[in-house]
Amino acid sequence: MMFTFGKPLNFQRWLDDHSDLLRPPVGNQQVWQDSDFIVTVVGGPNFRTDFHDDPMEEFFYQFKGNAYLNIMDRGQMDRVELKEGDIFLLPPHLRHSPQRPEAGSRCLVIERQRPKGMLDGFEWYCLSCNGLVYRVDVQLNSIVTDLPPLFDIFYGNVGLRKCPQCGQVHPGKAAIEAVARGDQP
């Protein structure tokens, strides 16, 4: 019998074998490549300033530690808590920013591969007025390899970080460092 993705794997062994990739600076690893699903394990601590606009549903299983999703919905910021053992199915196009403040926390995230032409959006919002500061759309193939260059472009360009509504400059990477220290950005 031929199994496209191999025989069943022991998930705990896989986690142990990839533990060095599940903490900063990498923080995540895809379990299988070239499947219809993007199956990723994300480890904490991990903070993000972007909001993901996924055109498809995302499944979260917070199997170790706690995390939360910052949600931007119709100009209002909200928060969805993910406690250890929780599962959550995020609807398509709900802007979300996963935050994993606990070292050693682990979340299994399952997404569908996007058909050609179906783009994911990544957005940054003003910390003063909640206005949209910047958005980029991309054909997403791998969150592990596709996202860092997008973030580097935003963080490296002060002009992209200036809010068109109130003029406030998004702190960029400094916001991540502030949150990691326990400060407000």
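Easy rule for this one: first residue shown is 1, then count along the chain.
Keep in mind that glycine also has a Cβ here, set from the backbone N, Cα and C atoms.
Positions annotated as O2 binding site by Swiss-Prot, on the basis of sequence analysis: ARG48. Within the same chain, residues at least 6 positions away in sequence whose Cβ sits under 8 Å from that of ARG48 (O2 binding site) are SER97, PRO98, GLN99, ILE176.
Remark: GLU58 (Fe cation 1 binding site) has LEU89, LEU90, HIS96, VAL109, ILE110, GLU111 as non-local neighbours, by Cβ distance under 8 Å and separation of at least 6 in sequence. If you look up Swiss-Prot, you'll see HIS52, GLU58, HIS96 marked as Fe cation 1 binding site.
The annotation substrate binding site is assigned in Swiss-Prot to GLU58, ARG100, GLU111 on the grounds of sequence analysis. Counted within 10 Å of its Cβ, the other Cβ atoms near GLU111 (substrate binding site) come to 19, all protein chains included. Under the three-state DSSP scheme, GLU111 (substrate binding site) falls in the strand class.
Sequence annotations record features per position, and here Swiss-Prot assigns Fe cation 2 binding site to CYS126, CYS129, CYS163, CYS166 based on sequence analysis. For the recorded site, CYS166 (Fe cation 2 binding site), the DSSP three-state label reads coil. Take the CB of CYS166 (Fe cation 2 binding site) and look out to 10 A: across all protein chains shown you find 12 other CB atoms.
With ARG100 (substrate binding site) as the anchor, the candidate binding-site residues are HIS52, CYS129, CYS163, CYS166, and the one with the nearest CA is HIS52.
For HIS52 (Fe cation 1 binding site), the nearest of the binding-site residues by C-alpha distance turns out to be CYS126; the candidates were CYS126, CYS129, CYS163. Apart from CYS126, CYS129, CYS163, CYS166, the residues listed for Fe cation 2, the same chain places the Cβ atoms of LEU127, SER128, ASN130, GLY131, VAL133, PRO164, GLN165, GLY167, GLN168 within 8 Å of the centroid of those Cβ atoms.
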